[in-house]
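Here's the structure, in structure tokens; my notes come after.
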């Protein structure tokens, strides 16, 4: 049996912030000869995305409990029990040597099933404040890791696994050397866009005139509206796209980013070495604020809570940053990044796997 490849089951679903780091670790271990399967749900993004990466996926039926009403809460124990039974049956068939929980509702029943079968459970928390599933699973996990300090008091800080093309970008002092002309501002609202960015940044452009050039990802279905907003204030020259397929190229182009502060976005911006203005999405638990705080504390970014994200405040901030200041911020961002996060997570998975 010693010649058999090790087996990993990745448990992650729902959003790219959970799925993409899991894929990075999966590919790293597959390159070392590991067999990897995925545990997810059939109605979320992992169902389509994971098979495209050459990884087989098994599904269980589970969804979130927040905001579902009294009936859903009363039915929750039965739903969780059924999902646990499904996950347990899947793991009995695949016989993983270790499971890796990257977040999302699927990790709860999956982690409990693995624990009940004596399979080591490794958790990775991507956000600066722990999600409910990981808070609960941490009590039974073999190892807990975190991307940012503070999610768990005693967990090792390992960063977030990010895409290799972002990690391959030249260092800020190389990439930004010799640049002049207008400051290049990359505006990213995530794949869904962000209304506050779409409404505010054209007005900022009007204030700053030819001192900036903007590349603005608007999100789905509103590209024309945002283009009209720029044109309406006499700034039609700025580039508006619905999506940006090659984020590494966009980061390489930019001098500064204006964006939400999802966990992966923050980690990618740090890895690329870019200054940022972060506008945290207003979650109840302020998850995105806590993600961005380490970069602000390092002098690499400025956080504007949404009510403070005004035309005047943003325009004044951007106007106040010289190229020299932006380079210093970029170097600080890169200095606090953890570029070997994928290797750190994979190493821990290997360490605790059953022999």
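Cβ atoms here come from the backbone N, Cα and C positions, even for glycine.
Annotated UDP-N-acetyl-alpha-D-glucosamine binding site per Swiss-Prot: 15, 16, 17, 127, 163, 191, 244, 263, 264, 265, 266, 267, 268, 288, in sequence order.
The most densely surrounded of the binding-site residues 244, 264, 266, judged by C-beta neighbours within 10 angstroms, is 266. Close to residue 15 (UDP-N-acetyl-alpha-D-glucosamine binding site) in the fold, though at least 6 residues off in sequence, lie 45, 104, each with a CB less than 8 Å from its CB. The local packing around residue 17 (UDP-N-acetyl-alpha-D-glucosamine binding site), expressed as other Cβ atoms within 10 Å of its Cβ over all shown chains, amounts to 23. Around the Cβ of residue 163 (UDP-N-acetyl-alpha-D-glucosamine binding site), a 10 Å sphere holds 17 further Cβ atoms from the protein chains shown. Residue 15 (UDP-N-acetyl-alpha-D-glucosamine binding site) falls outside any helix or strand according to DSSP and counts as coil. In the three-state DSSP assignment, the secondary structure recorded for residue 244 (UDP-N-acetyl-alpha-D-glucosamine binding site) is coil. Its Cβ placed at the centre, residue 268 (UDP-N-acetyl-alpha-D-glucosamine binding site) has 25 other Cβ atoms within 10 Å.
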